[in-house]
Each structure stands twice: as C-alpha cells, then as structure tokens.
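Quick look at what Swiss-Prot annotates:
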TRANSMEM  24-44  transmembrane segment
TRANSMEM  46-66  transmembrane segment
TRANSMEM  97-117  transmembrane segment
TRANSMEM  118-138  transmembrane segment
TRANSMEM  146-166  transmembrane segment
TRANSMEM  170-190  transmembrane segment
TRANSMEM  217-237  transmembrane segment
TRANSMEM  239-259  transmembrane segment
TRANSMEM  278-298  transmembrane segment
Amino acid sequence: MSAVGLPLWRQHAHALWQLSKPRVVALIVFCAVIGMFLASPGVPDAAVVVPATLGIALVAGAAAMVNCLVERGVDVRMRRTAWRATATGEVGARETLLVALAVGGMGLALLLACCNALTAWLTLGTFVGYAIVYTLLLKPNTPQNIVIGGASGAMPPVLGWTAVNGQIDAFALALFLIIYTWTPPHFWALALYRRDDYARAGLPMLPVTHGQRYTTLSIVLYGFLLTAVTLLPVALGEAGAIYLGAVLLLDGRLLFLAVRLHRQYADALARRLFAWSIWYLTWLFAALLLDHYYLIPLN
C-alpha cells in the first residue's frame, strides 16, 4: 500500500510500519496462535491469548526492524529491498533502533506480565537469534545461514504453546521441527529467482555459492525430509485423519513442484514454489487446528 498523498507524519509512520515486515509478522502470529489453541484441550483463556498474541507480534516486528537496520547497506544494492526506509534514509538508524527497542520492550513486558517468564525468555532468545545471530553473523557469512538461523523462525508455535501451559512438550517440539524443516526450501526458492539480487549484494545464499542445480536438489531432499517430519503429530497421537489427509495432499503438491523445479528449472517455477510454500504452511497449521477440535482417530 502506497503512502503517497498522506500527511508527512502518516507517511513516516507508514515507513516505520513497513520496516516491521507486517506480512511476515502476520504468518508468525498465525503460527503462534495455532500453538496456543493446540496447547489447550478446550479454548484457551482470552486473558492469555490476547496479550500473548500482541506481545509476540511486537517482538517479531521489533526484530524485523533491527534486521532492516543492520542490512540497510545491503538493501540498497537489492531491487527487492532498495525501497525500505532504512535503505533510502527516510528513517534514520538511531530512530529505527530506538523504536525497535521500545516496541520489543513493550512486547516482552506484556509477555512477562500476562503470560509467564518462560515465554518471555524464549521470545527474547528468538529476537536475539534472528536480529543478531542470523542477521549479523550467519546471513553474510555462510550459505547455510537459513539452515542454522531457521531455528529462530521456527519458534512461534512453541511460544504460543508455552504462553498457554508454561512448558514445552513433545508436540510443541514437533511443531518447531515442521517449521524448521520447511524454512530452507521456502527461502531457497526465493533465493533462486532472486539470485542476481543476492549476488549483487554479496550475500552467500545457496544459489549464489553452489549454483542452481545443487539448490534445487537440496529443495527436493528437504521436501522429502519435510514429508517425514510433518507426520510426527500423527506418530505422537496428537493428530488424526483430518490432518493426515491434509498433510498428504500438501506434501504431495510440494514434492511435485520441487521435483519439477529440479528437472526443468525456470524462475517462474521457483516463484510458484515460493508462493505455494507459504500457503502450504498456512493450510497445514489450519488442518492441525481443525483436527485438534474434530479429531477422527486413525484406529
């Protein structure tokens, strides 16, 4: 959404809002909320769900702002990110940092006051893992950046889970592993059709360092691994026929696109796989939620 034509203060507020990567935060919050509902045999208490959702969203937005701040020099060299306010100079480094710290601090305070210390500490760890470890240390230095750094992005359902019951169970770890395994092929698909952008910016993404063929093969292999990991909720007895049917269809489609991409590469196919992977995760977690309340046993 363009902010052109708005008063200057609203344009500035819009620029700050965009630095928080609202679309990414929306998916993070969605997975966290699903984790909250899965952690409860009934409907979780709204007095926990509302502040937990807001707290996680605020910290996620703050982490995204720090990411944009740290990468402003890189963003200038990439067509995909050159418009960001930190790259154009519309929002200064000091202001970005202060707003991020204020927003993140409010989120953590909310989690500590209305949820529990475990969730607050895990959320802080996730912030540090993404904004500092991934952004500063991993992304500019290793093609395995997304494999190692993906742990931070896989935390939302665990944060939602602990917000409700204050502990980490096997099912919560299974949710973590699903997103952790999903993350590399999701981002590698993006990096494939944006490889020139990443090369121009000097970022060692897998398609830049190892080439297209190696990357598409890696996507296929991770696709098969993801298929196995998504069966964990069934193996743990936490999901039934609804989820199993959904996950077989979703994994089948993902593998079909991955294999096709490997056999006859085209940027358009990589784009399609990237877009599908977002819907894949959304529908998979929606199926988990539906199955949770309308469980159809497999035996």
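Using N, Cα and C of the backbone, Cβ positions are placed for all residues, glycine too.
Not measured: the values here are computed from a predicted model.
At the 8 Å Cβ threshold, with sequence separation of at least 6, the transmembrane segment (278-298) comes into contact with the transmembrane segment (170-190) through 3 or more pairs. At the 8 Å Cβ cutoff, the transmembrane segment (170-190) and the transmembrane segment (46-66) share fewer than 3 close pairs (sequence separation 6 or more) and do not count as touching. Relative to the transmembrane segment (146-166), the listed stretch 24-44 leads the set 24-44, 46-66, 97-117 in CB pairs under 8 A.
Remote same-chain residues near the transmembrane segment (118-138) are listed as 52, 55-56, 59, 62-63, 66-67, 70-71, 104, 107-108, 111-112, 144-145, 148-149, 151-153, 155, 158-159, 162-163, 166-168 (criterion: CB distance under 8 Å, separation of at least six residues from the stretch ends).
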